[in-house]
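Handing you this structure, nothing more for now.
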Amino acid sequence: MAPTTTATAAAEQAPPPQHTRKAVGLAAHDDSGHLTPIRISRRKTGDDDVAIKVLYCGICHSDLHTIKNEWRNAVYPVVAGHEITGVVTEVGKNVARFKAGDEVGVGCMVNTCGGCESCRDGCENYCSGGVVFTYNSVDRDGTRTYGGYSDAVVVSQRFVVRFPSSAGGGAGAALPLDSGAPLLCAGVTVYAPMRQHGLCEAGKHVGVVGLGGLGHVAVKFARAFGMRVTVISTSPVKRQEALERLGADGFIVSTNASEMKAAMGTMHGIINTASASTSMHSYLALLKPKGKMILVGLPEKPLQIPTFALVGGGKILAGSCMGSISETQEMIDFAAEHGVAADIELIGADEVNTAMERLAKGDVRYRFVVDIGNTLRSD
């Protein structure tokens, strides 16, 4: 049995108005990023809300950036986590899509304005009125949001997605709540742009830059689409992993000039998941005329854009951030049908700080998931 973490000695936070539901979480209180138990409050279940018992929560690299205040936007205490899966415990009177006992997930956002053009078009992840993120954000009622490193969340039904479950009696395939949790961020971050930009057509050739939390899921989706997929990495040691275990068709070491030259002009598209600053010129050279490269990573330094390579080849360089709720639900259903899930290391709540240290060193294959339901205790 996994070890447990309790909140017996944790400080009680003064609940905002209408935030009367008690919950327990793991919070960072300063830029050391060290997580300790804390008692927090959640709002009572509103008419359009879904209350969820959190069972699992994935650890995203953005969680690490935030708890350490590396983006200079942390408001402590921070209860991180936006790859949340669990079971519905209560629904509001206006909620018809969910019921108690349903297996569900919550991703990176929990509210938007609902009225701007992006929201009306079903692209709420680009809400011009401001996305309310699952944690370290300010909700419409002025309260701070706390994420999935906690035993319970209350979320508007608009931002909850259903997980196919064998317990539901349906004929379709189920998606595990533990290895499915990272899909709510890493999964939709690559799935949405692949679908939007036509990098989902069987027989076409797609490159995946980076073989980490996002990249390994991109490889799995590309294979499920029936595409030819080549991994592009700075790490030669990942060749065997990419080809033999993940089933990629090819592997290129990006610092190997001969390998890069041999692949020039062969790809219909590239999903670039790397966060390190990279050479756009060498990657664009891999594309066929009118090929597309989609950036989903956030480099630390501004990129140098080779305009002649873009214009001369009619190539497209685009960015993508997360995915909409409809895209997230579509992705979850597709993943269940095709057996796509993240490769995870399941950890107990008392192992989170060690996991963060390992994540900072890149020592994870490929995603940590916290077993909240079995290891985070309130007594």
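Each Cβ is built from the backbone N, Cα and C atoms, and glycine gets one as well.
These came from Swiss-Prot, pasted as-is:
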- Cys60, His82, Glu83, Cys185: Zn(2+) 1 binding site (BINDING)
- Ser62, Thr189, 210-215, 233-238, Thr273, Gly297, 320-322: NADP(+) binding site (BINDING)
- Cys113, Cys116, Cys119, Cys127: Zn(2+) 2 binding site (BINDING)
- 1-13: compositional bias 'Low complexity' (COMPBIAS)
- 1-21: region 'Disordered' (REGION)
Tell me, in order along the sequence, which binding-site residues from His82, Glu83, Cys113, Cys116, Cys127 have their CA within 10 Å of Leu214 (NADP(+) binding site).
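Candidates kept after distance check: none.
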Filter the binding-site residues His82, Glu83, Cys113, Cys116, Cys127, Cys185 down to those whose C-alpha lies within 10 angstroms of the C-alpha of Met322 (NADP(+) binding site); answer none if the list is empty.
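Near Met322 (NADP(+) binding site), where near means Cα within 10 Å, the binding-site residues are Cys185.
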Filter the binding-site residues Cys60, His82, Glu83, Thr234, Gly297 down to those whose C-alpha lies within 10 angstroms of the C-alpha of Cys127 (Zn(2+) 2 binding site); answer none if the list is empty.
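Close binding-site residues: none.
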Name the residues of the same chain, 6+ apart in sequence, whose Cβ is under 8 Å from the Cβ of Cys113 (Zn(2+) 2 binding site)?
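Same-chain residues close to Cys113 (Zn(2+) 2 binding site) (Cβ under 8 Å, separated by 6 or more) are Cys119, Cys127, Ser128, Gly129, Gly130.
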Around the recorded Zn(2+) 2 site, report the further residues of that chain (criterion: Cβ within 8 Å of the mean position of the Cβ atoms of Cys113, Cys116, Cys119, Cys127; site residues excluded), sequence-ordered.
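Going along the sequence, the neighbours appear as Thr112, Gly114, Gly115, Glu117, Ser118, Arg120, Glu124, Ser128, Gly129, Gly130.
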Cα distance, Glu83 (Zn(2+) 1 binding site) to Val237 (NADP(+) binding site), nearest Å?
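Here the two Cα atoms lie 29 Å apart.
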What are the other residues, in sequence order, whose C-beta lies within 8 angstroms of the center of the C-beta atoms of Cys60, His82, Glu83, Cys185 at the Zn(2+) 1 site?
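Everything else in range on the chain: Gly58, Ile59, Ser62, Asp63, Gly81, Ile84, Gly107, Cys108, Thr134, Ala181, Pro182, Leu184, Ala186.
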Report the nearest neighbour of Cys116 (Zn(2+) 2 binding site) in space among the binding-site residues Ser62, His82, Glu83, Leu211, Thr234, comparing Cα positions.
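It is His82, whose Cα lies nearest.
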